[in-house]
Structure formats: C-alpha cells, structure tokens
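This report refers to the structure that appears directly beneath it.
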C-alpha cells in the first residue's frame, strides 16, 4: 500500500490540512463489481488542479472532511473511502472534466435511495473549491439493486392487468389543472375515457385543495371509470394523486383508492421524497395498485448543463425506489428533451441491460437483473400531428399523454379522445404494414382524417403549433 494512502493508526496522528489528492485520487484503482460508480462533471475554481477537484468530490461524498482528524486512526479508510479513479477533459469545454468516483458498497444502507443520495449528492455540491458540479450518471451494482423491491408491478404485469397489447397506451391530463369541482372533474374524466383513452390523470398540482377535496375527487373519478368501462368494454384508469403533506396521509389516500377498486394511483416522487415514494411503492405492490410517477421539480435539479444532476440518475433512482410509469419528456413537445439523451434514459427505464454509450449520455453499462421495467410517459405540448413521431420514437412500451391535445378539441373532450385514439391506431397499423412513420407520418394522419371527422377537426386546429427551441441539455 502506498504511504500516500496509508490511513491506519500505525501511521500516527498528524494534525493539519493536507491535499485531498494524496488520499482520494487513486488512478491505479481497479473498480469492483460491488462498487457504486459515479460520473461527475466537475468545473474547478481557477487554480484548483482537476486531480484535487476530483479527489475533493470523492472525499466529501464519502469519508473525508476538511482537515485530518484523529478518529481516522480508529477505522480503515482504505476500506470505506470513495476514490477518484479516472479523470478526462470534457471536449469543447475549458477547465471542465468528467471525474469518475468509486464508492464501496458498505457506505450505503440497503434499500435506501435516500441514503444513497444523501452521500453522493449531499454537501459536496456546495463545496467552495468547485465552481460547478453535476452528477451525470451512476452505475448501481447488482448486489445493491437486489436490496430494492423496484417497481410495484412492471410493464408486462400492467399489460396483463389492462389486457392491452401491441400499442402505446393513451392518456390525458385533466385541464384546467386547478379550479374544477370534483363533479365537473369526474365528468371530464368520463368523457375522455369513453372517447377511447386508456387513462386520465390528476395534474401534479392536484392534491386536496379547498375547491376539490381528495375524497370527493376519488369518488367521482371512480364513478367515471366504471361508467366508461361499462360502455366501452375496455379496462380504464385514472391516476389518482395520493401525494400529501405526510406519509400517513398519502397511504390513507392510497388505501381509499384500493377500496374503490381503481387500478392505479399517482405520486410526485421528487417533491414527495424518496422515502415516501418507496413506502407507497411497497403498498402498491402488496395491494395490486399500479403506481404512476410524476417528476415535478426535476428541472430545478437537472436542467442546467454544468450543475445539478442529470435526469438519467433520477430515472435510475426511481426504478430502484419504485414506480410503474414515469414522465420522461417527449422530444417533440413543449418540454426539454434532446432525442438521443431522452432515448438513453428511456432504455434505462425499460430494459434489463443497457450498454455504455456516450453518444446517448450513458456512461456505464448497467444490469437491472430481475428488476421490472418502468413505462416512460411522453407528456407536454403534444397533439395528433406528433403521433407518428411519438409512436416511432417511444415504441409500444410507453404512455402517450395528451392534455391540451385532448381537452382542447373544438368539439369537446370525447371527440378529442377519439381523435387521439384514431391517430394512434392509424400509426400502429401503418407501422405494422412496414410503412416509415418518420417519413410518411403526415400522410398517414391525413389518410386517417378521411374516415374520422374528429381527427380532421383536431388536425385543423393544431396544424401550425410547434415548439422549436434548442435543447439546453446536450451531450
């Protein structure tokens, strides 16, 4: 063992401050299969060498502090410390580096996303030696993954519950998001489900406000679901938002949803917190409820390119914590999402195994072993003209969610749902016949308009609506 990294009591205690790189920068280290690996985008302060910056990240997110302490001699830091084992410059950026850090598995509590994040993205992000710091990706070892339950049910179980195969699922967020009474809200849910949608959704803002208390909303939405099911012969659902001010209240709402016999509830997992989310996911698995996850507040954390945490890390954390759906951007709608980056974390949500692919922002090969997959939800500023692109980009295992693109139909909610269902069925049929959705998408939609006046009206309303802004988050 190098004297530079010797930290046992035999060395003796020497008070003072020493460079982090003497202990925590170990380029000779060979990572273990049980290590949690992190890729940080590090922007050091002027005059701080990248080796010192990377070592500081490893130290402050594991066993280190700003000065030598005598209690270092009471343990083996070489067993427990994080190690910065590789540094590479970021192409096209001045004084910015990707620093790779390995963490021993014993640093983390089993089955706790909360504890994992408290260590890896805790105080280190306020460290003065760094101008900016962003966690780009994590490699979660199989040994740690197996301590988590993961999604309550997963993609295949959900399809079996709904008896729906071979196409994306269709949803709609009820608008206006705030202000409707429970009865009028339930009416909108019924009209959308009757028109052909598989799901409707509470907006993330909807909890239990004075204009619509949660219990009233749950009752009217359950009535809407059962009425639509009886009339269409299809299984329907509404994402009843169980997010609340306390975990106890959240579980109480989930219990009431189960008593009503509805298939799915919802949680805002970032604002609600990972501890609450994991608790709700466990309840949902034990009681046969699907769990829809909204990512409200994610852009506060992930939108800045140089500081924060990339959404692919939040997506991996959600797959560990538990959720059957999660919002994942659209590529083509009103919300941020560059195509290759979005498809990278969509695959991380759905697939059992993903290879390292830096062109899609994937820094590590990741195995999920037996952890169920999560359905990505495309939502935000999408309408019928986007249907071919969405079908081609996201494939069958996805939820395509049209809020304004359903409720904004000139003829009303049910015709809006009809238009979306017809557009989806036309795109799926065309794809199955071997047609190129990317090249022939508009033609396919126009052909379907000939036998669907609802779709024709929707196409006329949204024919010139585009959201063309450059993505902030690029490779």
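Glycine too: its Cβ is placed from the backbone N, Cα and C atoms.
Feature annotation from Swiss-Prot assigns N-acetylproline to 3.
Positions annotated as N6,N6,N6-trimethyllysine by Swiss-Prot: 14.
As annotated by Swiss-Prot, substrate binding site applies to 123, 173, 177, 295, 327, 379, with the evidence given as sequence analysis. Residues within less than 8 Å, Cβ to Cβ, of residue 177 (substrate binding site) and separated from it by at least 6 positions along the same chain comprise 203, 205, 206.
Per Swiss-Prot, active site, proton acceptor is recorded for 175 (among others). In the three-state DSSP scheme, residue 175 (active site, proton acceptor) is classed as coil. Proximity of residue 175 (active site, proton acceptor) to non-local residues of its own chain (separation of 6 or more, Cβ distance below 8 Å) is seen for 203, 403, 404, 407, given in sequence order.
Annotation note: residue 201 (N6-carboxylysine) sits in a strand segment as assigned by DSSP. Cβ environment of residue 201 (N6-carboxylysine): 171, 172, 173, 174, 238, 239, 266, 292, 401, 403 lie under 8 Å away, each six or more residues apart in the same chain. The feature N6-carboxylysine is assigned by Swiss-Prot to 201, with sequence analysis given as support.
The Mg(2+) binding site annotation in Swiss-Prot covers 201, 203, 204. Take the CB of residue 204 (Mg(2+) binding site) and look out to 10 A: across all protein chains shown you find 21 other CB atoms.
Summarising the annotation, Swiss-Prot assigns active site, proton acceptor to 294 (among others) and lists sequence analysis as the type of evidence. In the three-state DSSP classification, residue 294 (active site, proton acceptor) falls within a strand. Neighbour list (residue 294 (active site, proton acceptor), Cβ cut-off 8 Å, at least 6 residues apart, same chain): 204, 241, 266, 267, 268, 269, 326, 327.
According to Swiss-Prot, the site 'Transition state stabilizer' annotation covers 334, on the basis of sequence analysis.
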